[in-house]
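To start, the structure itself, in structure tokens.
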Amino acid sequence: MEVHNVSAPFNFSLPPGFGHRATDKALSIILVLMLLLIMLSLGCTMEFSKIKAHLWKPKGVIVALVAQFGIMPLAAFLLGKIFHLSNIEALAILICGCSPGGNLSNLFTLAMKGDMNLSIVMTTCSSFSALGMMPLLLYVYSKGIYDGDLKDKVPYKGIMISLVIVLIPCTIGIVLKSKRPHYVPYILKGGMIITFLLSVAVTALSVINVGNSIMFVMTPHLLATSSLMPFSGFLMGYILSALFQLNPSCRRTISMETGFQNIQLCSTILNVTFPPEVIGPLFFFPLLYMIFQLAEGLLIIIIFRCYEKIKPPKDQTKITYKAAATEDATPAALEKGTHNGNIPPLQPGPSPNGLNSGQMAN
């Protein structure tokens with residue numbers, strides 16, 4: 001394992017017992033439970049028929065895969081060149097860019113009112129494709145940076161585990177929705193509450209585990225890179241899906257799927273490939289990248305929700321326009337004795353004493 005042009009080994013060591021402490025194990029267990037609960041809840045919003053439709057007409061899935069494995073690795077490679085990163089820094093960022101979509105994309109797609117069926121199909125297809133695409137992309141883009149064979153470092157077992165975590169609870173949720181739909185509201189509400197509580201626990205344990213070690217990667221160029229990478233994914237994923245004329249719901253879904261990477265796989269590759277004295281504090285770069293993913297994703301959700309409140313629905317706009325047009329046309333019609341030409345002029349009728357109105361006038 002050799003990286004070109006590394007000026008000197010990092011004077012850096014991980015916290016004592018890192019990865020084997022009680023807090024580390026507790027964090028891992030809570031993360032798995034939270035992911036299972038999230039996937040179960042998301043499965044309750046899906047339908048087999050709609051999943052089948054996306055598989056039979058995979059236009060959205062193909063666009064998403066092109067965005068995931070075309071845009072993100074290229075963005076990571078170009079950002080490394082633009083900011084003149086060292087080779088070890090560029091390699092750490094490239095590994096993140098070549099990773100498949102993560103589970104956070106499913107949760108944020110729900111918040112963005114995207115197509116949940118497409119989101120789960122995309123996450124599954126992205127993970128399956130990563131078994132072949134990840135080694136290929138790392139081989140192509142790491143030329144001249146890394147002398148070793150990165151394809152042997154791809155955590156195939158981790159990818160398969162992530163697929164199981166997605167598919168099994170989602171399938172249970174779909175079956176519950178079709179067979180026991182009255183349970184779905186309770187699962188969704190309970191899932192949201194428990195997920196929020198677990199998120200608080202995850203945040204607290206992460207701070208305890210990492211401590212101030214993450215401060216070592218908060219250099220200006222790494223901060224800029226880790227902020228621009230997810231932004232590039234969100235933006236280019238939306239633009240690419242718009243070019244292929246997908247509906248707004250699918251555009252938002254592909255945007256989220258492209259911008260969110262599987263950070264756990266990035267950390268695994270860095271941990272397996274490089275010893276601490278080589279990778280140094282860049283071991284924590286995936287965590288910094290995840291922070292920017294979450295922050296930018298939440299900002300996009302806030303902007304989208306505000307836009308929804310300001311802009312009236314299209315149907316309501318049409319109804320208002322038609323009503324206003326009718327009111328403007330009514331006075332002119334009444335002057336001619338008709339309204340829209342459907343009501344004939346009023347004919348003289350008999351008065352109570354048997355005389356018509358003309359005779360009464362005489």
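Backbone N, Cα and C define each Cβ position, glycine as well.
So that you can see what the record holds, here are the features copied from Swiss-Prot:
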CARBOHYD  Asn5  N-linked glycosylation site
CARBOHYD  Asn11  N-linked glycosylation site
TRANSMEM  23-44  transmembrane segment
TRANSMEM  48-83  transmembrane segment
TRANSMEM  87-112  transmembrane segment
TRANSMEM  116-142  transmembrane segment
TRANSMEM  157-179  transmembrane segment
TOPO_DOM  180-183  topological domain 'Cytoplasmic'
TRANSMEM  184-217  transmembrane segment
TRANSMEM  220-243  transmembrane segment
TOPO_DOM  244-247  topological domain 'Cytoplasmic'
TRANSMEM  248-273  transmembrane segment
TRANSMEM  281-311  transmembrane segment
TOPO_DOM  312-362  topological domain 'Cytoplasmic'
MOD_RES   Thr330  phosphothreonine
For the topological domain 'Cytoplasmic' (244-247), the mean pLDDT of the predicted model: 92
Secondary structure composition of the topological domain 'Cytoplasmic' (244-247) [DSSP: H/G/I, E/B, coil]: 0 helix, 0 strand, 4 coil
The transmembrane segment (184-217) versus listed stretches 23-44, 87-112, 116-142, 248-273: most Cβ pairs under 8 Å: 23-44
CB contact flag for the transmembrane segment (157-179) and the transmembrane segment (116-142), at least three pairs under 8 A: yes
Three-state composition of the topological domain 'Cytoplasmic' (180-183), taking helix and strand from DSSP: 3 helix, 0 strand, 1 coil
Stretch with greatest number of CB pairs under 8 Å, the transmembrane segment (116-142) reference, 23-44, 220-243, 281-311 candidates: 23-44
Outside the transmembrane segment (220-243), six or more residues from its ends: residues with CB under 8 Å to it: 60, 63-64, 66-67, 71-72, 75-76, 79-80, 83-85, 89, 93, 96-97, 250-252, 254-261, 285, 288-289, 291-293, 296-297, 300
